[in-house]
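Novice: Okay, so TrEMBL annotates it like this:
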- 1-26: region 'Disordered' (REGION)
- 12-26: compositional bias 'Low complexity' (COMPBIAS)
- 32-563: domain 'Major facilitator superfamily (MFS) profile' (DOMAIN)
- 35-54: transmembrane segment (TRANSMEM)
- 108-130: transmembrane segment (TRANSMEM)
- 142-159: transmembrane segment (TRANSMEM)
- 199-221: transmembrane segment (TRANSMEM)
- 241-261: transmembrane segment (TRANSMEM)
- 284-316: region 'Disordered' (REGION)
- 286-314: compositional bias 'Low complexity' (COMPBIAS)
- 337-358: transmembrane segment (TRANSMEM)
- 364-384: transmembrane segment (TRANSMEM)
- 396-415: transmembrane segment (TRANSMEM)
- 455-482: transmembrane segment (TRANSMEM)
């Protein structure tokens, strides 16, 4: 009789009956991937609806609770005022050398950033728990439970006429949001190492599309005042932004019904067998044609046609496999944290920079961010999804980081102060060659036209789009591949039929838990990055010396030259 054993914390989830559940087979992978992608797109659309509303929404709460010094909003604004004073921002008409005048509505901007960080901190706490539960109860069941929490969160926002209720809705949403990490886990369940990056790129595409379309939908429906249409509901907490909340609630309701009707359970023995069949077929096809050179990545070894990270590992001790997995996942998690810490900080301060230096309007800000989102979506669909398994995930991560460095360098140069800021940060002792320092200094002194600076800004944005399309997706793919180490000891018996397996070992580490921890560290970086970047932005002396390149300042400068 075939021996079967399970690893603690990684036992197979019970099958969930569903009349529409796809059969576990290689032919079903595209169908299940489409289901996951569609649901994830609806989920992120609902999430991004609120993003452009934060300033006006928080201003609404500030106006409606004006004078109430005992409210949560008053306490929050008081703490933010102390924070601004600590970093040198004040309301003095004549700023000193150690302080500068606080930009208009700075407290509202910081409060919006604090709420965004709160959501990410809650995700840092909840992600490993959600992942662990999905290993035990099944992806489908846990996802539906998390959707219930999201629906409650949107329902509370719909009737949150006070800031306290709005914060409560964000807390519920932060603790229950699990669609992204479970989508990653489900795609990892049904794909082979050779097709893993191709499948996970769909997650990035969903993000890019949603972050391009969702904010526009939110801004449009914010103009639909439900209070005016249903004045009788105002006593229950309906507010001017309830239209956007209702749209998010409808999207999440449709997503929940869609998942209940169409999504099969992927954390099952039948899917593991189907994936192993595909891996064996890929290996057989590869052996019959040619032996492809391998490309080693952080924690996973991939080839141009398949991956050896799931090769039989019966000769390895199970504890050694787990130790290797923990080591690789720790490195990847730290890299994920560091990247999102820096990248999210850049995202948060980029709008400050373009407003501060280029006098960007809301339309121009939206055009710049939309350009990054659309280009990122195209790159993920056209490059990452098709080439990641050929180029190698590690190499793509490096490409994305190099693109980020070049992009940020371009933005720094066209903004002015890039060379002097770099020298200041290095304490006057640069490790760069002298000719590089001279080149940067020369570029820094050039008085380029506004049009030239716009070209440089968008060139930098192109580099950031490449980073957005590659780094997180490929890091996630690497973490998923690490979870597969030692899991392919359950192979089809040569003398058995295609439906019979000899299971000797299960996956050494639960994929849901591992990916949940990986994502949680990224969320911690996303929470801390904006706070650190905002503080650094206003604390650095070199930032305070940057020229204000508004149209009025440009006109004044040209007037002085003509005189």
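In case you wondered, yes, glycine gets a Cβ from its N, Cα and C as well.
Quantities reported herein were computed from a predicted structural model and do not represent experimental measurements.
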Novice: What residues in the same chain, six or more past the boundaries of the transmembrane segment (364-384), come closer than 8 Å to it by Cβ-Cβ distance?
Specialist: 52, 197, 201, 204-205, 208-209, 211-212, 215-216, 350-351, 354-355, 358, 396, 457-458, 461-462, 464-466, 468-470, 473-474
Novice: Look over the recorded stretches 142-159, 199-221, 241-261, 455-482 and say which has the most C-beta pairs under 8 A to the transmembrane segment (337-358).
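Specialist: Selected stretch: 455-482, with the most Cβ pairs under 8 Å.
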Novice: The transmembrane segment (241-261): which same-chain residues, six or more beyond its ends, come within Cβ distance under 8 Å?
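Specialist: Long-range Cβ neighbours of the transmembrane segment (241-261): 18, 20, 35, 38-39, 42-43, 45-47, 49-50, 53, 56-57, 60, 140, 143-144, 147-148, 150-151, 154-155, 157-160, 217-218, 221-227.
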Novice: Give residue numbers and ranges for long-range contacts of the transmembrane segment (35-54): same chain, 6 or more residues beyond its ends, CB-CB under 8 A.
Specialist: 22, 112, 115-116, 150, 154, 157, 177, 179-180, 183, 186-187, 202-203, 205-207, 209-211, 213-219, 221-222, 241, 244, 247-249, 251-252, 254-255, 258-259, 262-263, 366
Novice: So what's the mean pLDDT when you look at the domain 'Major facilitator superfamily (MFS) profile' (32-563)?
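Specialist: That region's mean pLDDT is 79.
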